Amino acid sequence: MAELLSVHVHIPLKDDITLKQSKSAGILKAGDQSSKASSKYDLRKKRNFDIEFRDLKYVVKDGHQKGTKEILKGISGQFKCGELTAIMGPSGAGKSSLMNILAGYRVSGIEGEILVRKKERDLRSFRKYSCYIMQDDHLLPHLSVEEAMMCSANLKLEEKMPMSEKEYLVDDILETLGLMDHKKTRTSNLSGGQRKRLSIALEMVNNPPIMFFDEPTSGLDSSSCFQCLSLLKSLAAGGRTIICTIHQPSAKLFMMFDHLYMLANGECVYGGGIKHLLPYFKSLGMECPAYHNPADYVMEVASGEAGEDKVKQLVASVRSGNMDKFVASQAQASSNRTSKSSMSSIAEAPEIDVDPSENDHLLTTRNDTTYVPGEHFLSCNEKSSEIASTSSRASTPSSDSGNKSGYDSESESTLSEDMKGENDCHTFNTSSFTQFKILFFRTFMSIMRDATLTRLRLIAHLIVGILIGLLYLGIGNEATKVFNNAGCLFFTVLFLMFSALMPTVMTFPMEMTVCIREHLNYWYSLKAYYFAKTMADLPFQIIYPLIYGSIVYFMTSQPSDLMRFVMFLTLATQTSLVAQSLGLLIGAATSLQVAVFLGPITSIPLLLFSGFFVNFDTIPIYLQWISYMSYIGYAFEGTLQAVYGFDRESLDCEKDIRSPECRHFDPETILSDLDVDKAKFYVDFIVLCAFFVVLRVSCYFVLRWRVKAQR
């Protein structure tokens, strides 16, 4: 297999494009192949994965009405390997919808066929050998470039691959994309162009043959836009299928694309080579004015500025097949001219003697063991067929521009017919336990470096604990200050609840975008991510309540009893864990803006029915059920039991114990007046544990629903 994959790298062809970082300007450009001779990572992917879709329709519900809206209206097209394809159209034309459907990010409301290498697409397998790089560069801000890349390599490459080889591969990709000098830089400190290149590098680890980009030049300056498209051009020239949506590029950037698929109102108005676009429009009486950006002109026509009749004319031409005939004729004429030129060049060219062993090092690792990126995937696809015996296969050049990369396309041969039955093609490259380990350390490292989640929270717990201790200093054993002490205990529960809830509510929605992208790009399973996220934050959610609870307990002179102290800290920790679980649930279900609003709002009824403000007996019967839903009530009730229950000795009272001020010297009287005399500590403990489990499990299923809803 390695020999078959390396056969195309031996002869430097005219159209071969290799990325090289310019030391002076930092611009990605075509370079001499020999300059990459020492590089193991070859940008050229010698696989042929054409994507074709036929009569594709996409329908969504029309708001709150019962009707539906047709986004895509029976469009057809083909995107070929070796070409940089642009999907363009006015706002609302269906660009993003088409991209999401082809990438497998949308699966509901779709009709029509999507084919990969002439075979019906198997979505799970397709997700494994394709990647989708979104418009916004969602990166974990507290990881360095190297750490982010190593996480990607450890998750996406085979476990059996030695770590040294993964490190070498990562360095090679970073060198290729011009990020080697920023290995130790935090992703939050990268520029827009560097973040875009890092997003691409993360997905290139397993060398996917199909790559989708949503508005890759969005938010970049002209220089960064050119660098980005130069990179995409080189990736396409290596035999990959590169598809991206783009809004309105400059003329220079527009001409860098090989293929254009133009949409208007959910209909295709053009699908062919960029160089045939203006002649085709001219043949329909729509000539682009001189010195006018072709991209701007076709956008104006597609948006109806030249008249709706022009749009209808273009749609009709596509549906009747006239557009395909015109493009094919133009491509044939161009091919004939190229053939004549090539024949004359070959007659004058010197003979080239090629030694196949010269470039074997391109696919050889430091330990002289051959490694092919994506080897596991290739073995799945080609398991039932030997490439050497495929004499009936024919390479398929582009209808618009021929074979642009100078590589021999492999056939239209099948994705293995039994791919759907091959479990290993549908599984991740790493086991669930390995995924958990990698994600656990990644999450733990991010938390440790996040000032909000670590240092600020630690400082807050220390400062607030000391303030509360000073405010209620030494009142824990005074009979005349029982209700003050109860207020201190309730505030403790309240503080632990908000200090665990709000940071989670504010950070988890941002992590969700990264999780969804990586999961849909087949990095790891949701259960591995969620379990790692839960376990990585657990030590902090335990340590902070212990620190705060210890300060408050001793400064306020609560009972000097080890059992009561342990019970108090246990409930404090449980309160924090349940509140964090609620924060995870809210963050998983909503956006950041909604989560920040819902966090405090959901806490209001839990506080009102906690038993501190209103006794249970005075609550109307039809509202008493809310009290049973308040975990704050159970935490407060259990804390009171820990402090005053279990046959505690009488409290101190400076006055006569028969005076009204000393009425609460008896702990039983205190529990009775606070309406918790019938409460059981173990019941409160079990209920809080149940809240924790139910919220955590619910959050996992909400997370799964959220991912499904994205599609």
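Numbering starts at 1 and runs along the chain as it is shown here.
A Cβ is built for glycine as well, from the same backbone N, Cα and C atoms used for every other residue.
TrEMBL does not curate its annotations; it predicts them automatically.
Features as listed in TrEMBL:
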DOMAIN    51-290  domain 'ABC transporter'
REGION    328-366  region 'Disordered'
COMPBIAS  334-345  compositional bias 'Low complexity'
COMPBIAS  388-401  compositional bias 'Low complexity'
REGION    388-421  region 'Disordered'
COMPBIAS  402-416  compositional bias 'Polar residues'
TRANSMEM  458-475  transmembrane segment
TRANSMEM  482-502  transmembrane segment
TRANSMEM  538-556  transmembrane segment
TRANSMEM  568-588  transmembrane segment
TRANSMEM  594-616  transmembrane segment
TRANSMEM  628-646  transmembrane segment
TRANSMEM  681-703  transmembrane segment
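Of the two recorded stretches, the transmembrane segment (482-502) does not lie close to the transmembrane segment (681-703), with fewer than three CB pairs under 8 Å once pairs fewer than 6 apart in sequence are set aside. Cβ atoms under 8 Å from those of the transmembrane segment (594-616) belong to residues 486, 490, 493-494, 497-498, 501-502, 505-506, 508-509, 582-583, 586-587, 623-624, 626-627, 629-633, 636-637, 674-676 of the same chain, restricted to positions at least 6 beyond its ends. Using a Cβ-Cβ cut-off under 8 Å and counting only residues 6 or more beyond its ends in the same chain, the transmembrane segment (568-588) has close neighbours at 492-493, 496-505, 507-509, 512, 533, 537-538, 541-542, 544-546, 548-550, 553, 558, 595, 598-599, 602, 631-632, 635, 638-639, 642-643, 684-685, 688-689, 691-692, 695-696, 698-699, 702-703, 706.
Outside the transmembrane segment (628-646) by six or more residues, the chain places 476, 485-486, 489-490, 492-494, 497, 558-559, 563-564, 567-568, 571-572, 574-575, 578-579, 603, 605-607, 609-612, 667, 670-671, 674, 676, 679-681, 684-685, 687-688, 691 with a CB less than 8 A from a CB of the stretch. Sequence-distant contacts of the transmembrane segment (458-475) (same chain, at least 6 residues past either end, Cβ-Cβ under 8 Å): 481, 484-485, 488, 491-492, 495, 499, 544-545, 547-549, 551-552, 554-557.
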